[in-house]
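What TrEMBL says about this one:
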DOMAIN    A:46-234  domain 'AB hydrolase-1'
ACT_SITE  A:Ser150  active site, nucleophile
BINDING   A:Arg224, A:Asp354  substrate binding site
ACT_SITE  A:Asp320  active site
ACT_SITE  A:His353  active site
Protein chains: 2
Amino acid sequence: MSEAPILDESQVLELADPLPLDGGQSLSGVRIAYETHGTLNAAKDNAVLICHALTGDHHVVSNHPRTGKPGWWVRMVGPGKPIDTDRFHVICANVIGSCMGSTGPASPAPDGKPWGMRFPVITIRDMVRGHVALLDALGIARLHAVVGGSMGGMQALSLAADFPERTAAALVIASTARHSAQNIAFHEVGRQAIMADPDWHEGDYYAVGETGGKGPEKGLAVARMAAHITYLSEEGLTTKFGRRLQDREAKTFGFDADFQIESYLRYQGLSFTGRFDANSYLYITRAMDYFDLAEEHGGRLANAFARSKARFCLVSFDTDWLYPTAESRNVVHALNAAGLPVSFVELSAPFGHDSFLLDVPALDRVVEGFL
Amino acid sequence: MSEAPILDESQVLELADPLPLDGGQSLSGVRIAYETHGTLNAAKDNAVLICHALTGDHHVVSNHPRTGKPGWWVRMVGPGKPIDTDRFHVICANVIGSCMGSTGPASPAPDGKPWGMRFPVITIRDMVRGHVALLDALGIARLHAVVGGSMGGMQALSLAADFPERTAAALVIASTARHSAQNIAFHEVGRQAIMADPDWHEGDYYAVGETGGKGPEKGLAVARMAAHITYLSEEGLTTKFGRRLQDREAKTFGFDADFQIESYLRYQGLSFTGRFDANSYLYITRAMDYFDLAEEHGGRLANAFARSKARFCLVSFDTDWLYPTAESRNVVHALNAAGLPVSFVELSAPFGHDSFLLDVPALDRVVEGFL
């Protein structure tokens, strides 16, 4: 980016009331970390809530405090950009269960020690409850739109379905209304990799004095590697890496990272452990696996939107095999059945699921046009 | 199977001469475990060599000695079956590098201790060298056919390409002439999972006295889980498991295997550790990742078959996303360019890559017809 880096302007809201959860418990003292950009107008009707993905956070525009890298959607959000902060008051909040400032398993429980695996299992709807509580605190009765890709799209669907008066529009990118068996399978591999790591200590790895506080870094790296493959397309991997060797002329006949793809994956795994909490990975993948919007509404997806008056836009990518186009189409059919206005486009992009984060000019136009 | 179980009739050949390897070393005292069925005719021209897949073995028909389960291709091989032991002398050998009787990392090195990671990195062509040495010992100059699915298909291609006088035909099912970046990526996840397990001990986990001999069971289970997903189709998983819960009425809001797919994957991972050696998994996946038949022949796949006079049959499955139809078509184009007779069919089957092992009657007809 040629623009000057935007400094961290995170704010943290502590909720006054306990947050009720789908699991039946409620969570007291919940903190929600968020950032905002652009000005809320007098009518308070120009707010756009951006929901982040599994390993994302509220640093949608500001630099990431741990990696120093630009925000994850700077290409989409800013003055004159598709989500135009000259027009909109943009809000992005870290989901509960995460580890970037909102309450999650690494946060202190009432006894002062980290929650660890005592943290309640949460759902996508619970994350959305956190967002709605934030909107309440900010005095925003109704969003101009809720926007999200991947798990962010699940939150957008859940907000439009379960809090229908809270948004006038929902933009759902590369997402799904329910996790498939294959989606669950990949997440389960990651969870087992984390839990198999002896440094996981049943999730109780935070106390430096007792366990060294190292955490299950190797298991988390393996989990990230497995997941990362699902974010990219086979074609994209072939174009980007193929069978090219890494800094060598010939195969070594050993177990070093001979191939660029091996080196790349190892780097992805290792660098992830420096910025993400393993227990948060367990809890958020669980929330995604539990997500089935139809099931929450009597088994019929159209029922989920019965009370909604929002307009919708669904976007899928032709090379996304994690949440393929059929999943978006499934949502479109339900919205049609519910009689709601919906536009739908499958975009062509080589990057697989990660296309929603990358340079896809057609996506920019769709987002700008819809908002 | 309603038929009586076939007892283990494994034989073991110890090669008289050292086996030269692509890595430049040679391996002395190589043992090849194999089984045969049907009678070799006087002309010695009715032999069919069956090559097994990554985690397979020579127990193609006989019961597996560790699991007690029927051989892995009893549906295909036997009297009156598509690979008819009334007509053919069927040979199946455990590949070198494996752990079911042929020499591999768990075998004793010259110093009497297990090879472990001192075992040389081998290639698919090295495995085929072992097979050819076995054929030499059995006095079989030329096979009626070599047959294999998945990694077995790689061996069939390599044998036809590199030992062109040794087979009259090659039947290659659900396979590829080179491992793609995505294929390598999944294998690398598995290897990292194994190597991350502290019970791996740099591969030196065999000595019971020193390390308990437990081995990296958790890492190997994770590796198997990740790989297993790639063997099944998304549709197949949805049909077989969907989002159905495992022996419970509702989600537990915990990290138990709530979903059937989780329970199934955990079982696949755990049961695998009882029958397979983790170091063998490292070495065989490495051999597969190194496989690129074109690269071995000046970068042009057709060159690989320049000396062959065999007839070929390629079979792919429409739901196989590990080695999709395009990979088989790639081989067919090369064979066409080499002027060799080849038939090719993409079969429709719901099981993904594993279709070659499962109940696909159309495959039976293709195999029978080709042989």
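Every residue, even glycine, has its Cβ placed from backbone N, Cα and C.
Sequence features annotated in TrEMBL and their locations in the structure.
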| residue | record | DSSP (3 states) |
| --- | --- | --- |
| A:Ser150 | active site, nucleophile | coil |
| A:Arg224 | substrate binding site | helix |
| A:Asp320 | active site | coil |
| A:His353 | active site | helix |
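Cα of A:Asp320 (active site) to Cα of the residue listed as 'active site, nucleophile': a span of 11 Å. The average per-residue pLDDT of the prediction over the domain 'AB hydrolase-1' (A:46-234) is 95, rounded to a whole number. In this structure, A:Asp354 is the one among the recorded positions A:Asp320, A:Asp354 with the smallest number of other Cβ atoms inside 10 Å of its Cβ. Listed in sequence order, A:Thr55, A:Gly190, A:Gln268, A:Gly269, A:Phe272, A:Thr273, A:Phe276 are the same-chain residues six or more apart from A:Arg224 (substrate binding site) with CB atoms under 8 A from its CB. The most densely surrounded of the active-site residues A:Ser150, A:His353 is A:Ser150 (count of other Cβ atoms within 10 A of its Cβ). The distance from the Cα of A:Asp354 (substrate binding site) to the Cα of A:Ser150 (active site, nucleophile) comes to 9 Å.
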